[in-house]
């Protein structure tokens with residue numbers, strides 16, 4: 001087979017489309033969802049530079065590069081072929097058959113024959129079978145191992161066909177993969193099994209492997225996945241004694257271009273790996289110099305654009321004399337001092353890459369400052385709004401000079417408008433992106449609002465300084481506890497096991513408090529402690545959920561038992577004043593138990609469908625249409641039933657719990673189904689804890705007394721003002737909201753999501769529908785937490801919107817922390833995770849609002865029993 005070289009290549013967090021982009025264009029992506037469908041990619045690639053490209057394979061990959069490429073011949077199989085319930089190795093055979101048909105047609109088509117005999121051609125076969133079979137059947141299954149043999153056989157046949165067709169030994173071959181795969185058949189995190197990929201190169205222009213010699217210098221550098229350059233070769237590779245030439249995946253593009261004699265893609269940031277190309281020293285220097293000039297041109301283009309748009313331009317000083325450096329390199333080549341020329345060319349290439357990074361982060365300090373001020377301004381505005389609208393301070397601070405204050409605000413707003421206009425003019429002169437205008441405008445607007453409330457802030461400070469030292473101490477203590485909890489939540493994003501300690505300690509503290517607070521003998525403290533301890537177990541389990549369908553089926557029984565226990569408690573608590581507010585039935589005639597039994601039936605039916613659907617997949621059978629219809633019907637119908645349940649707090653929440661259970665079970669593959677029940681037990685513990693505090697403090701009686709004395713302690717619709725102690729509600733909500741996510745995974749496990757989670761609804765590859773189902777599965781525990789949060793605000797008669805604003809405020813404090821943790825250096829896994837953490841917390845404010853709106857459909861008519869004979873309906 002001629003010369004061959006076969007070390008691995010190194011990539012980053014794995015997604016198929018992005019990986020193909022990396023080694024075909026030689027650069028790394030900045031988009032998250034770009035390329036999910038067959039849209040042309042707006043960057044240069046090896047295909048663009050070729051004389052003609054022949055490509056066959058997946059409809060999700062080939063059209064991205066060839067869809068708008070005139071000098072290409074390509075064909076893809078239908079999307080329907082990508083069925084995870086079948087053996088996908090036939091997809092690879094299909095691609096090879098198309099290639100073989102191309103060569104066969106050329107014998108009868110002179111134009112095609114003439115085209116195939118040209119130089120600078122690229123033939124691209126995308127073999128998807130191993131990827132699909134790995135997802136569906138796992139990498140150690142017989143189907144996957146057979147698919148590996150199919151791929152090996154295809155590689156052998158492709159080589160034989162081309163060598164027999166051309167008979168000139170002028171063809172180069174590159175065999176690689178876009179990503180790896182874990183033992184569970186997933187990819188997307190930064191584990192080496194997902195980022196290390198094979199790279200086998202042979203044929204024309206390829207250097208023979210070198211034996212390891214004692215003179216080889218140790219290289220302490222790292223690849224984009226943070227793996228060392230001089231890693232030892234595993235024994236089972238059978239390549240002991242052979243020098244490894246590992247590369248980054250972006251380096252494959254300049255390698256392909258050099259072997260073909262083509263210019264590198266203009267967007268490439270890959271370094272030509274000289275260990276692969278068989279060249280004399282002079283040719284190596286020329287190739288590296290061409291690679292350097294290509295990267296340097298990108299730097300010069302960015303520098304020129306930034307200079308033309310900047311009022312005060314700060315150049316990258318290390319490349320101020322790049323022209324002289326190029327001339328010196330060419331002079332060294334002319335006098336055949338190739339060693340010095342190579343060293344200088346590689347150094348210049350390194351500086352060019354640093355220069356690209358410099359201009360990529362040119363406005364970093366300015367943007368960090370403006371955005372941070374914007375977040376701080378937003379937090380202060382939100383806090384002022386809460387104090388003025390949901391506390392009694394607005395009545396305490398009634399200002400007799402309202403007219404003067406309005407006039408003062410007008411002047412402040414006018415100054416803010418003038419400042420925004422001046423900044424916009426400067427940004428316009430620098431041709432700054434529209435987002436820059438938005439950042440500055442929003443920051444100025446928020447701080448204008450704060451300055452406009454100067455009189456309220458001044459009065460608040462004066463009020464606190466009037467000897468209210470005890471209250472100040474309470475505020476400082478509440479702030480310290482809040483910051484501690486928020487910092488705990490920030491750290492939990494990288495260490496989910498912290499929740500184990502959190503709920504273990506919370507269970508002890510809550511039980512101890514309730515044991516001493518409740519004057520009668522009660523099992524509530526024991527229940528609260530056990531529920532917290534049970535939930536604490538799940539964050540010790542692996543984030544990559546192992547398959548265990550028996551556990552999913554058993555979880556159906558657990559869910560039914562929890563629902564039955566809640567219903568029994570709801571039906572047998574009459575006459576007990578403690579349970580009056582959450583199990584109050586006098587406001588309506590008790591309904592028939594038919595709805596409850598129907599929900600139990602659907603939970604049982606969903607458990608049965610889990611077993612049936614899984615058995616079909618294991619037997620490599622397609623999921624029957626009738627089974628899909630049943631699963632979709634169960635999932636949809638069950639979520640509607642809670643709307644028709646009784647309106648008492650415990651009845652409605654039990655119905656919501658049972659209503660979402662079938663859908664969650666059908667989307668589960670392992671222990672996360674048990675977690676659903678454990679989370680519900682803790683949510684009930686939260687309700688019991690709050691109800692105990694309410695019962696012991698006799699808030700209802702105290703509120704009635706205050707109303708009779710004429711004090712203003714209530715807002716509209718029997719909702720009281722927020723108090724300092726109410727801060728615990730949004731804090732507990734945030735803990736439970738986050739554990740609803742981290743209880744069964746982390747960001748890496750979501751990136752390497754289990755496609756098998758959606759097999760009971762769909763098996764044919766459909767990225768958007770599959771992603772929607774997976775996201776909805778994540779949202780179900782969130783919705784359960786939000787429903788309980790809404791119910792508790794009604795139970796305690798606190799304004800739900802005010803508590804939501806506190807959730808936003810605390811989330812924004814976390815967002816600022818994550819904003820400063822965002823990285824643009826280090827491994828791609830670290831970079832990606834830091835961006836993901838910041839993005840998720842930022843988006844949390846939005847999707848919590850959306851989930852509040854959605855769950856309001858279920859919780860808006862919950863009715864709370866009062867101390868008297870009537871009921872209260874909270875707003």
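Just so it is clear, glycine is given a Cβ too, placed from its N, Cα and C backbone atoms.
Feature annotation (TrEMBL): of 594-613, 654-673, the stretch labelled transmembrane segment is 594-613.
For the ranges 438-457, 498-517, the feature annotated in TrEMBL as transmembrane segment maps to 498-517. Per TrEMBL, the range carrying the annotation transmembrane segment out of 339-359, 549-569 is 549-569.
In TrEMBL, the annotation transmembrane segment applies to 412-429, one of the ranges 412-429, 574-591, 700-717. Taking Cβ pairs closer than 8 Å, the transmembrane segment (469-486) reaches residues 724, 727, 731, 734-735, 810, 813-814, 817 in its own chain, all 6 or more past its ends. When Cβ distances are compared across the two stretches, the transmembrane segment (498-517) makes no contact with the transmembrane segment (412-429), since fewer than 3 pairs at least 6 residues apart fall below 8 angstroms.
Beyond the ends of the transmembrane segment (549-569), by six or more residues, the same chain brings 579, 583, 593, 596, 599-600, 603-604, 606-608, 610-611, 614, 650-651, 653-654, 657-658, 661, 665, 668-671, 673-674, 676-677, 680-681, 684 to within a C-beta distance below 8 angstroms of the stretch. Each residue of the domain 'Sulfatase N-terminal' (142-209) gets a DSSP state, and the totals for helix, strand and coil are 29 helix, 14 strand, 25 coil.
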